[in-house]
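A.B. asks: Quick one: this structure, given as structure tokens, is what I'll be asking you about.
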Amino acid sequence: MEVLMEKILSRTDIERRLAFPTSSRRAFSMPEGETAVYFEATDTIENKWNFRLSRRSVITGDWLQFVREKGLKVGDKMFMWREEGATGVRYSVRAERQIFRVWVNVQ
């Protein structure tokens, strides 16, 4: 498992788009001449989300729907990781919220 991002969400992240670390873009093969790559990520309850990662290192696509469905707020934490297996590459996403100084999974 390779962690691609662990981030405390900002206002821009929850209202417009998710800023993605440039250093983690290498985990995605972006064809020459393309401006974005599309990928599917699975959350902790096996929902599938279709995201778009641009050359400018921002994630859109189903991102705002993910935010709304999970009820994410500024200060929540988001994780994304990549796993390689016999069936290929799988991307996963998880959101957490701090409650009484303990980070808990947001379903």
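Heads up, residue numbers simply count up from 1 along the chain you see.
Backbone N, Cα and C define each Cβ position, glycine as well.
In case it's useful when we look at the structure, here is the feature table from TrEMBL:
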type	residues	note
DOMAIN	3-97	domain 'TF-B3'
A.B. asks: On the 0 to 100 pLDDT scale, where does the domain 'TF-B3' (3-97) sit on average?
C.D. replies: 94
A.B. asks: I'd like the per-state residue tally for the domain 'TF-B3' (3-97) from DSSP, helix first, then strand, then coil.
C.D. replies: 19 helix, 45 strand, 31 coil
